[in-house]
Amino acid sequence: MQAKLTKNEFIEWLKTSEGKQFNVDLWYGFQCFDYANAGWKVLFGLLLKGLGAKDIPFANNFDGLATVYQNTPDFLAQPGDMVVFGSNYGAGYGHVAWVIEATLDYIIVYEQNWLGGGWTDGIEQPAGVGKKLQDDNMLMISLCGLSVRILKVRQRHDQFNLLHKHPKKETAKPQPKAVELKIIKDVVKGYDLPKRGSNPKGIVIHNDAGSKGATAEAYRNGLVNAPLSRLEAGIAHSYVSGNTVWQALDESQVGWHTANQIGNKYYYGIEVCQSMGADNATFLKNEQATFQECARLLKKWGLPANRNTIRLHNEFTSTSCPHRSSVLHTGFDPVTRGLLPEDKRLQLKDYFIKQIRAYMDGKIPVATVSNESSASSNTVKPVASAWKRNKYGTYYMEESARFTNGNQPITVRKVGPFLSCPVGYQFQPGGYCDYTEVMLQDGHVWVGYTWEGQRYYLPIRTWNGSAPPNQILGDLWGEIS
């Protein structure tokens, strides 16, 4: 797609935007993301996706629009680049701005809401100019033909370099180190699962289908004293999140994790946690910790990492697991599109194996995401064939899940999914509902649920009005699990 403005025209637009306020999504006031979207809309007539600013490089398909570059110490940002700050900014949501000037040591940007007051009227914080030191947790985005790159910016905290130039000393580049895993062996006490009689033949890697709060420690708290009736619903050998590994079963024990006798008896099951609730960066870190633990165990058992020793849950039974890993590393969503095809299954296994082998060799692998994956959301987007349309023009489909509200009240409607329908009540922050239906109507995505005999309709994000499968959805106003 050709940008609507030339580079010089876009720079002029940035200059004229100074002192103005932008609230493109009409939500949470004048955020930095709104200012990025204002520029993107001027350039392409499109809006960027992502729950927070930090998600922009991963939540959007930049084919034909922008190119991703890895920054190097001698890389110089250009006017018009979009800079994206990581999760260590903006209370975990990151920050985004437009570059108008740069050296190897600092960038000068146009930005909005750097000080965090944009969620209110924020009139004292309109779009303005700021100066930032280069930081390793930044990314920058460049448009094709406009030189607006997505690049990683190195970290520079030496203020002296801003004023005094001097020859660079050649220094040895520090080698990355693997995180130190915190392995907690606390075997479940509600039932003594039988022994295998030998070491495992390999490892089955799972995605837990857990929420943001479903950490390894949370599983430990919920399962370590659970009765047999709960364990029969499923228990893996280890649960991994962050740098924590909770070992729930001894290596010698059979697990109940594949719904298959061979998988349960001969393979060690590891759950990558938070697969329905974590953002992509968090989930990818959980994966890396899992690969590191797999490498440790395989070396302990004297096994190589190959297609026989590294297995997927969907090899043993018809399941979408590992669903999140499938989307991220193959671009195929087994939740909405059906069982993972064999070529995608092998693609995912080979990715796992390559990562694990690197750890076994004492190296630190780099996590990669398929260019076929939007890598933008952990919410399920249904396929077009699942939607139906009623006489009122409402697109609807069956879907059962739990929605947990974010930090703002939402007006619930009765009768139907229209903003003109009677008000039911105010759905409070932190509240949740178990819904059975999803609808597209009146500029919003709605979920339908029944409470105390009354049917309610709750909007949970915006919708651009396009029919499935071409709908464009706004940020989710909470979490789905």
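Keep in mind that glycine also has a Cβ here, set from the backbone N, Cα and C atoms.
When Swiss-Prot records His313, Cys321 as binding Zn(2+), the matching candidate from His206, His237, His329 it lists for that site is His206. When the alpha carbons of Cys32 (active site, for endopeptidase activity) and His95 (active site, for endopeptidase activity) are compared, the span between them is 6 angstrom.
Cα separation, His95 (active site, for endopeptidase activity) to His313 (Zn(2+) binding site), rounded: 37 Å. Using the Cβ center of His206, His313, Cys321 for Zn(2+), the list of other same-chain residues with Cβ within 8 Å runs, in sequence order, Val204, Ile205, Asn207, His257, Thr258, Glu271, Leu312, Asn314, Thr319, Pro322. DSSP assigns Glu111 (active site, for endopeptidase activity) to a strand in the three-state reduction. The domain 'N-acetylmuramoyl-L-alanine amidase' (197-323): residue composition by secondary structure is 44 helix, 26 strand, 57 coil, according to DSSP. The distance from the Cα of Glu111 (active site, for endopeptidase activity) to the Cα of His313 (Zn(2+) binding site) comes to 46 Å. Here the CA atom of Asp34 (Ca(2+) binding site) lies 41 Å from the CA atom of His313 (Zn(2+) binding site).
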